[in-house]
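What follows is a set of notes on a single structure, which appears directly below.
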Amino acid sequence: MTFGGDGPWAVSVMWIVTALTFVFVLLRIYTRTYVVESYGLDDHVYNLAFVLLLCYTIMTTIAAQHGFGQNMFDIADVEDLVKAILFEAIGQTFAVVGMAVAKWSLGLFLLRLVTQTWHKVVIWITMGSLMAASISVCFVFWLQCSPPAYLYDRRIPGGYCYVNTTPVSFTLCILCVFADFFFAIFPWAFLWNLQMNQRKKIVIAASMSLGLIAGACGIKRTIEVPKLSSENYTVPLIVWSAAEIAITMICIGVPVIRPLYKDFINKLSRATRSTSGYKKQAPSRYGLKTFGGSTMPGASRREENSEAAKKRLEEMPNNRSDEEILREYR
């Protein structure tokens, strides 16, 4: 069986978003390893989310080779039909878990920034609820038929599917959308109280609020869920699931690789000044604050060691500076 129907465009879109996500994975690894030197658990979870997205794309590609994307009644070979449904079902499992893992990466990232107990509790509740819902959907999906193999092989005599998975899938989609909007809005709550420039607060909070885009994709995917009851393939749902994971990871990656962008701009600026004949300026007394906790290489730390700086730190709430708070996720 060759590609046909909606299979080619679905697989093409999925590989494009997977490749684009891989670029952000590489940039994030480089930033956290070499720029800020603060590689943590959230980075491992982020990479795991990409592996699940990659597996989802691979399984869907194999399913398309057996007829996924075409009208099921147009697939003449029953063996191809069985394999198409099987690999598509395996891919859906990777997608369901992958969406939760991607959002866990963002949750763990925020846990390294927040300092108040109730902030941490709310984040953990959101993450726990999302993962519990994802695992539940996987169990319901694979155990909806008796025997379970009847899900993808309707030739089994006496088989019957007695569970409608649409309600649980719909619930998971709603939770994913809620998590996207919560993680996008929540950073404003704790960043706004930090002792730092207001413009910088807005830039950082806005970059961490890109999850609103992922939430929009989640809404579109939720609209497609009722089509699960159809006897034919739900190609748009498959594609939007991959798009939501990819966009979630890209939105998570943007604020994390911000130090790399700032480092590149600083180096470009220094190179421009050195070649334009202008006198080289003295380094700033204030280090560039980055996600990752540490100041950028080359920044002076004399301000931190001065008596005036110590006095300011003592006057701040909880005796902590904004830089120290941002170092929480080291």
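Placed from the backbone N, Cα and C atoms, the Cβ positions cover glycine too.
Per TrEMBL, transmembrane segment is recorded for 12-31 (among others). Same-chain neighbours of the transmembrane segment (12-31): 39, 43, 46-47, 50, 53-54, 56-57, 60-61, 238-239, 242-243, 245-247, 249-250, 253-254, 256-257, 259-260, 292, counting only residues six or more beyond its ends whose CB sits under 8 Å from a CB of the stretch.
TrEMBL lists 27-262 with the feature domain 'Rhodopsin'.
Marked as transmembrane segment by TrEMBL: 43-64 (among others). Counting only same-chain residues 6+ beyond the ends of the transmembrane segment (43-64), those with a CB under 8 A from a CB of the stretch are 3, 7-8, 10-11, 14-15, 18, 21-22, 25, 28-29, 32, 83-88, 90-92, 94-95, 97-98, 101-102, 104-105, 108, 238, 241-242, 245-246, 249, 252-253.
The transmembrane segment feature in TrEMBL is assigned to 84-109 (among others). Long-range Cβ contacts of the transmembrane segment (84-109) within its own chain (Cβ-Cβ under 8 Å, at least 6 residues beyond either end) map to 1, 40-43, 45-46, 48-49, 52-53, 55-60, 62-64, 66-68, 75, 123-124, 126-127, 130-131, 133-135, 137-138, 141-142, 151-153, 172, 176, 179-180, 183, 211, 233, 238, 241-242, 244-245, 248-249, 252, 256, 329.
TrEMBL lists 121-143 (among others) with the feature transmembrane segment.
If you look at the transmembrane segment (168-190), the same-chain residues 6 or more away from its ends with a CB under 8 A from one of its CBs are 96, 99-100, 103, 106-107, 110, 113-116, 119, 122-123, 126-127, 129-130, 133-134, 136-137, 140-141, 204-205, 208-212, 214-215, 218-219, 221-222, 225-226, 228, 244, 248. Annotation comment: TrEMBL describes 168-190 (among others) as transmembrane segment.
Away from its own ends, the transmembrane segment (202-223) comes close to residues 106, 170, 173-174, 176-177, 180-181, 183-185, 187-188, 191-192, 237, 240-241, 243-244, 247-248, 250-252, 254-255, 258, 291 of its chain (Cβ-Cβ under 8 Å, at least six residues beyond either end). What TrEMBL lists as transmembrane segment is 202-223 (among others).
The transmembrane segment feature in TrEMBL is assigned to 235-257 (among others). Residues 6-7, 10, 13-14, 17-18, 20-21, 24-25, 27-28, 31-32, 46, 49-50, 52-53, 56-57, 60, 68-69, 88, 91-92, 95, 98-99, 102-103, 105-106, 109, 176, 180, 204, 207-208, 210-211, 213-214, 217-218, 220-221, 224-225, 227-228, 291-292 of the same chain lie 6 or more positions beyond the ends of the transmembrane segment (235-257) yet place their CB under 8 Å from a CB of it.
According to TrEMBL, the feature region 'Disordered' maps to 288-330.
The compositional bias 'Basic and acidic residues' annotation in TrEMBL covers 300-330.
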Within the predicted model, mean pLDDT of the domain 'Rhodopsin' (27-262): 84
